Amino acid sequence: MGNLQSCWKAQENHNNNTSSGETNERSVDNRTRWFKSKSKNARSSWNGKVQLPKPWKAEPPFGPLTETELKRMREEFWDTRVEGRQEMWQALKAAAETNDETLRNEIVKAAGLTPANERGTLESCYDELGNYYEVPVYCLRDPDNLVRLEDNNDDDEKE
């Protein structure tokens, strides 16, 4: 369950335990108003272009990572997404895996996703229904200290 939904659930439980049904209706209105203000602010600050996250380095216990380890981590992340809508996860994965900036922007726009951070990265975003999605930086960008394994076949061919 996303952070936003957890907050709403906690607020609803609090309202159920402390006041009447009238307050519950008011909390739903407040929740809707809060989401609209957040999504409006996110949309107004986002210029419509998806940015890559800032460069990063894999630190212990993960790093430095090999290409194989990074690929395995990414596959595990994408294969275990169950919250939110599946088609949004598919769009996020497609956008994360492309190197074409124009295609990435079109995928995000077509899916109706809006980055939830000022930089406009896909690390956190909302869909049109208000579902919140978080994607770790290792799925969006290779670390600066990635260990690239040399292919020994290339050396054999050169000789």
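For all residues, glycine too, the Cβ spot is worked out from N, Cα and C.
Positions annotated as compositional bias 'Polar residues' by TrEMBL: 1-22. For 1-64, the entry in TrEMBL reads region 'Disordered'. Per TrEMBL, the feature compositional bias 'Basic and acidic residues' maps to 23-32. For 49-148, the entry in TrEMBL reads domain 'DC-UbP/UBTD2 N-terminal'.
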Field: Per-residue pLDDT averaged over the domain 'DC-UbP/UBTD2 N-terminal' (49-148), given as an integer
entry: 93
Message: For the domain 'DC-UbP/UBTD2 N-terminal' (49-148), how many residues does DSSP put in helix, in strand and in coil?
response: 40 helix, 10 strand, 50 coil
